[in-house]
């Protein structure tokens, strides 16, 4: 009898400690179990909680990585102690294809932003469908000042690399690859800079080519260095595309899992094949000027599925710009 009561006391104490420790830091909800047992001898024999479904203790803790996001950054939502991950939900207007990943006891989801995300305040509602519990979190998107670039390129290069055949090829081979990602992370270490060189174009710059009246947005970082410079995998992952394309030249895409991809354009030589697992820092290509290119450089993109994001936020915690690139690329 005494032994059983001591064990129950310890279990309740641990539960209360977890509640006290986590409650000030995160948004949580708790359903405290009501335990009735009229037979003391049963307590002495088993010393177990007899949970009923409606009385089960629920300690689902939603943690938002930040509440203020600069355009190009990504918001991570982590849920700890999720008994039934399929019952969790999030309602928001920032990213329509939100999904959960369940790994190592933690449920995670991501909300990416970029230059197309309007600055302002957004309400995110979240909770548990089964219990009917709902909370809300306000997130502020802060505007990033993107530069404007006027690019002049040889007309012959433009005509042979920016045409209908090139765009159809991208639609056929490039676009589908980032629609599916491994449900678990391939990596466990931080992401790294894939090449050393000089930054020539920032992420998100508005680009006008050869005086054209229409513009495009730059999807990554352009890192310039001599032909043959090593290009390394920014992190561990699986190669899902490695081929020459008319527009982007020798191209590699690596799936890092949970929706994260890294992309490498204009390579002189690709050194990996589709299906290969590459390690963080492994050489995967040499720098070149293939495809629509004005000179030897790596066009490096990071994306969450098909939405391009600022690589600097993933690698160094801030945008990599023409002002600060020497801190990271040289």
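Placement of Cβ uses the backbone N, Cα and C atoms for every residue, glycine included.
Database features, via TrEMBL:
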DOMAIN    217-311  domain 'M23ase beta-sheet core'
TRANSMEM  7-25  transmembrane segment
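Taken as a whole, the domain 'M23ase beta-sheet core' (217-311) shows an average pLDDT of 99 in this prediction. Taken residue by residue, the domain 'M23ase beta-sheet core' (217-311) breaks down under DSSP into 1 helix, 54 strand, 40 coil.
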